[in-house]
Amino acid sequence: MKDSSFTPSSTLFRGSTLPVADFLEKLSTLKNLSPNTVIAYRTDLFQFFSFLAQHLGLADLSLFDPEQVTTVEVRLFMAALIERGVRQRSIARKLASVKSFYRYLQESGHIRNSLFSALATPQYPKRVPGFLTEQQTEKFFNELLPQSAQGFRKPEKNELDESFICERDRSILELLYSSGLRISELIGLKVGELDLERGYVKLTGKGRKQRIVPVGQQAVDALKKYFEVRRNFFRMKRTGDAGELLHVFVTKSGKKLYPMLVQRLTRKYLTSVTDQKKKNPHLLRHTFATHLLNSGADLNSVSDMLGHSNLSTTEIYTHVTFERLKEVYRKAHPNA
């Protein structure tokens, strides 16, 4: 069940002095968090305070004192979320959001004491990400995809459209695996941020942090072919000059791609090679990281290429590579 419980009424914050808007603005401007992350914080806070209003019998928060919250209310909030089928990791994230807001209240002088300063956020083991094996990846990129990219989806109405979509999709998949992009980074990628001659891409990730990631030769070749077809496509369509397009990956009308389209095309193509439930762009990002570590890349370098701000985020992949090392050991060591 989705965690859309405790939707606040339009009058919930009427007369309230809680500086939620100021807190969210700080997250956006000073901490450079992405709009989606700020929205997640906002949703978490609104759900928490909506629950409190219901629990305390308040029509709005005009008379609410944030210091009156106790561990009892926090536990009841968690219990209510569990009852509604909210996942444990989502609950932990919501508590972390509330804890961060209360820390802001204390630092800005709105409250003197916060029970959240001594309240530990529940920690749950991170899921080991799914990935394609080296054999699956080789078969997909070197056999299935080159043979007939259009075989994965409904063909376009004419050869010109088909050629454009085919090469665009192929280069998207190649780049996702070659450089481990997030879907937002792929969609937002601009032509000037891609250097195919020197083989690298400049990415702007979470928190607007920039990084440079190598692009493999196979992806470079696919992108060069795509740009060639793209130029011809927009010239023949007479819908504008392809050189004027800002973004690398666009629709047939020249507009920037949207997330659902990339999710959909990735799922269709990857169905041919894996039966994993989540066949999304992140599967290729996980595959990128896992294959690098399997081939001996050091954790810090992989973390930099993924754009992780914390090395512990990258360490989840070491579980996968450790299992591979154990398999190699069992096969190679005489006393294994």
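Yeah, the Cβs are placed from backbone N, Cα and C, and that goes for glycine too.
Quick look at what Swiss-Prot lists:
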ACT_SITE  Arg182  active site
ACT_SITE  Lys206  active site
ACT_SITE  His282  active site
ACT_SITE  Arg285  active site
ACT_SITE  His308  active site
ACT_SITE  Tyr317  active site, O-(3'-phospho-DNA)-tyrosine intermediate
DOMAIN    14-106  domain 'Core-binding (CB)'
DOMAIN    127-330  domain 'Tyr recombinase'
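Considering only the active-site residues Lys206, His282, Arg285, His308, the Cβ with the fewest other Cβ atoms within 10 Å is that of Lys206. In sequence order, Gly205, Lys206, Pro281, His282, Arg285, Gly307 are the residues of the chain that are 6 or more apart from Arg182 (active site) and have a CB within less than 8 Å of its CB. Around Tyr317 (active site, O-(3'-phospho-DNA)-tyrosine intermediate), a 10 Å sphere centred on its CB holds 24 further CB atoms from the protein chains shown. Annotation note: His308 (active site) sits in a coil segment as assigned by DSSP.
In the predicted model, residues of the domain 'Tyr recombinase' (127-330) average a pLDDT of 86.
The separation of Tyr317 (active site, O-(3'-phospho-DNA)-tyrosine intermediate) from His308 (active site), Cα to Cα, is 13 Å.
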